[in-house]
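Report on one structure; see the data block that follows.
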Amino acid sequence: MEKDARPSWDNHMQFVLACISYAVGLGNVWRFPYLCQMHGGGGFLIPYFLMLFLEGVPLFYLELAIGQKMRLGSIQAWTAISPYLGGVGLASVVTSLYLCLYYNIINAWSFWYLFHSFHLVLPWADCPINSNRTGPVEECERATPTQYYFYRETLDISSSIEENGGVHKGQALCLLLSWLITYLFIVKGVKSTGKVVYFTATFPYVVLFIYLIRGITLHGAVNGVKYMFTPKMEQLANPVTWINAATQIFFSLGLGFGSLIAYASYNQYNNNFECQAIVVSLINSGTSIFASIVTFAIYGFKATVNYENCLERTRLLLLNTFNLAEDSIIINNTFQWVEKLNTTFPQQFAELANQLEDCDLQHELDTAVEGTGLAFIVYSEAIKNMPLSQLWSVLYFIMLLLLGMGSMLGNVTAIITPLQDFKVVSHMNSELFNGLVCLFCLLLSLGFTTSSGNYWFTMFNDYGATFSLLFIVLIEVISVSYIYGLTRFEKDIKDMLGHRPNWYWKIMWAGTSPLLLIALFVFYIISYIQGGTPRYRAWNKELGKSMVTEYPVFGQVFIGLLLVSSVICVPLTALHVYCRNRKHGNQKKRQPTGTTVLA
């Protein structure tokens, strides 16, 4: 490959920070803690780290090597390896486009919460007053203030995906701001991105550390941390635990989107990407554990507050029902009084059966929440109970914004870099082209700011990337190992690093990683088929909670298009190249020779 002139990072640190900023994202904060909670606490770390070294690090290394060797974006890099593989890069661009469309709406929500954190009283701390000024809004009372604020104030959500409404102007403005900042961050390509990552890659750790100090000093935080580090080893016998560990590693590192190939293409040819792949992978996993400790401290605080509030309600019920002295029952002896009164006044106590709550700290800790529910509801509920809640809210949502913006840099670069490799685009002014890409994504993503937008967000989040990324990375590792050839790949690495990859990397690329990816791919297809009709959670205004419901026919059709649209790029591109080559071959055969013409 010709080592032509190409923009490059100012130094190695910029590249490492860019990779960290891209890989360390919202999933580290809201997905990994959920998986720990679901799959045995500390015991989940065993399959997690095994999958990191069997799948994560080798594939991360492979994508960096391809980008640095070819010095091209994903489409042209795979076309250079084989014209038949150009569709792999195209599939990556399509998948990154889907991600960009819905990922920035999360940043818009973060902006919304950040701006409203400057109120004297956090708007999600209490239920709003109804229009008659006679009491709280009934829907909010049936739910919780944090749930009501997210679903009704932030999203203005409809009752189903079929009920569409107008654009939420506040959310649309926040989305516009998110895309404007994204554009400013990538306006000059790696020259501007390289400066921004010093902040987006480091400041979230400052906030996490501050939250760690605050978290472990909260009342009941120790309950959450103990819960995390108490291993439930029986979960290791559950195959879903291992599959989720492998999937989390896969998506947390951002494999298959083309972002790593794009970032590495701006490296110096002899940059030591091997060491950087290991360092970034370990930092990413370490951040997940660090964020989990903070999250579980918050979990412990929230669970303890809910548990003690439940006990307080029970205490007041007993005091009022049995006319006991105010100080006779305290939170610590509530259960003893329940047993005593049940024994002494069984008939009167039986009448309270429907009013008594089952207060259980373990149940509160077992309640697992992931995604937006964790980031915007559970955390918000914990923050409102902290002293100086506005300060902690501002810090938290700034951290979410930086994590989201850092990942967006890689997502947009995965689209822009491959397109700029084409001659038609390469002659355009880069600032103009980058602006047009951001404007195009902004206009398409406005649909997520409508009243049914959150349901479309859920659809894109569940089906827009998972299937296609598994397929893309499987094709990548098989293509490098068995089409391009490991021997040639080894020579390329030696040309860049001065030494060949050792036996560990070759075993992973040639056998272990492809087999794991095939297993994940097959499991995903089986799970999708066995799952029946796709479902989503729709907000029920009457009950004040979300209910599981099936997607309508048009939603199911759209899910099918999401699953197929990126993957189909691979066989279609290969078929196009085959037909083109065959056509050119036939034309050469039909072309008369010089002797025939003279005759």
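Glycine is treated like the rest: Cβ placed from N, Cα and C.
Of the listed segments 83-105, 106-128, TrEMBL assigns transmembrane segment to 83-105. Counting same-chain residues at least six beyond the ends of the transmembrane segment (463-486), those with a Cβ under 8 angstroms from any Cβ of the stretch are 59, 62-63, 66, 78, 81-82, 85, 88, 91-92, 94-95, 98-99, 102, 247, 250-251, 255-257, 506, 509-510, 513-514, 517-518, 520-521, 524, 528, 534, 559, 562-563, 566-567, 570.
The Na(+) site is defined by Ala23, Val24, Asn28, Ser252, Asn284, Leu403, Ser407, and by the 8 Å test on Cβ atoms against their centroid, the other residues of the chain that qualify are Ile20, Tyr22, Gly25, Leu26, Gly27, Gly254, Thr287, Ser288, Gly406. Two recorded stretches are said to be in contact when at least 3 C-beta pairs lie under 8 angstroms, sequence spacing 6 or more; the transmembrane segment (44-62) and the transmembrane segment (170-187) fall short of this definition. Within the same chain, residues 104-105, 107-109, 111-112, 115, 154-155, 193, 196, 200, 405, 408-409, 412-413, 416, 431, 434-435, 438-439, 441-442, 445-446, 448-449, 453 sit at least 6 positions outside the transmembrane segment (170-187) and bring their C-beta atoms closer than 8 Å to a C-beta of that stretch. Three or more CB pairs closer than 8 A are found between the transmembrane segment (12-32) and the transmembrane segment (278-299), so contact between the two stretches is assigned (pairs 6 or more residues apart). When Cβ-Cβ distances below 8 Å are used as the criterion, the transmembrane segment (553-579) is approached by residues 83-88, 90-91, 94-95, 98, 161, 459-460, 463-464, 467-468, 471-472, 475, 533-534, 536 of the same chain, each at least six residues removed from its ends. In this chain, the transmembrane segment (196-222) lies in contact with the transmembrane segment (394-416); the count of Cβ pairs under 8 Å, excluding pairs fewer than 6 apart in sequence, is at least 3.
Spatially close to Leu403 (Na(+) binding site) yet at least six residues away along the chain are Val24, Gly25, Leu26, Asn28, Val29, Thr200, Pro204, judged by Cβ distances under 8 angstroms.
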